[in-house]
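Trainee: Got a structure for you, written out below as structure tokens; questions coming shortly.
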Amino acid sequence: MGFSKDNLKGFVLALLSSGFIGASFIIKKKGLRRAAAASGVRAGYGGYSYLLEPLWWLGFITMIVGEIANFVAYAFAPAVLVTPLGALSIIVSAVLAHFILKERLHRLGVLGCVMCIAGSIIIVIHAPKEHSITSVLEIWSMATQPAFLLYVGSVVVLVFILVFHFAPQCGHTNVLVFTGICSLMGSLSVMSVKALGTALKLTFEGKNQLIYPETWFFMLVVATCVITQMNYLNKALDTFNTAVVSPIYYVMFTTLAIIASVIMFKKA
């Protein structure tokens, strides 16, 4: 694939984003541990004392910086190019977890990380060039296709089942529950971030997209998805080894985001 200038910008921003996000996992985990030691109630069991912990907020700010870079990357490059580059965050978090959190990454975990990166490289090499979008209404028409609405409905149903049925029963023993909720909501947030990022990009170019209610709807979806993701990612990080959470979350999130992108944008 020959990179266009926009794709190259998205590529670089996605790499920077992954570095910040990978580091944020470790900083937030340290904050969660410190908050749990001080209050006696862990985030994985419904505690929110980490909101009073400065170290957790430092991790949160680091994540926000990474997400902003990621947000802008989606405005320049297709989701099937940007999302897989999150593999770098696995390396960052795994290495930092090894040295800072003393969480050992075994041979199988190393193999899993290598496979994630290899798969990401293949996807990036074959990522399609994105056709020019001239209005947020164009994205809205894609988002309201029957196939994508069916996907959204399926995701919402699965999230409700995981939150209200599986999370209370086995959320603290099965890493797939909390990471599954994050990944499912993440696939919707990626599509909404892509729409919102494109709308803001067009607005800055002089084509005001803020006059359309669809732009504000996408913003509401982004806020809802991100809050839900953060809540359950905190639970996952507090309950399980970072070196386990990070690769599983990455694989599930990337797979679902690509599926959502193929359905919505019809890119294969």
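Each residue, glycine too, has its Cβ placed from N, Cα and C.
Please treat TrEMBL annotations as automatic predictions, because they have not gone through curation.
Relevant sequence annotations retrieved from TrEMBL are reproduced here:
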type: TRANSMEM; residues: 6-27; note: transmembrane segment
type: TRANSMEM; residues: 55-76; note: transmembrane segment
type: TRANSMEM; residues: 82-101; note: transmembrane segment
type: TRANSMEM; residues: 108-128; note: transmembrane segment
type: TRANSMEM; residues: 148-168; note: transmembrane segment
type: TRANSMEM; residues: 175-196; note: transmembrane segment
type: TRANSMEM; residues: 216-233; note: transmembrane segment
type: TRANSMEM; residues: 245-265; note: transmembrane segment
Trainee: Out of 6-27, 55-76, 82-101, 148-168, 245-265, which stretch has the largest tally of CB pairs under 8 angstroms to the transmembrane segment (175-196)?
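Mentor: The stretch with the most close Cβ contacts to the transmembrane segment (175-196) is 245-265.
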Trainee: Assess whether the transmembrane segment (108-128) lies in contact with the transmembrane segment (216-233), where contact requires at least three Cβ pairs under 8 Å among residues 6 or more apart in sequence.
Mentor: no
Trainee: State the residues, same chain only, that lie 6 or more residues beyond the ends of the transmembrane segment (148-168) and have a CB under 8 A from a CB inside it; answer 'none' if no residue qualifies.
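Mentor: Tertiary neighbours of the transmembrane segment (148-168) are 142, 174, 177-178, 180-181, 184-185, 187-188, 228, 256, 259-260, 263-264.
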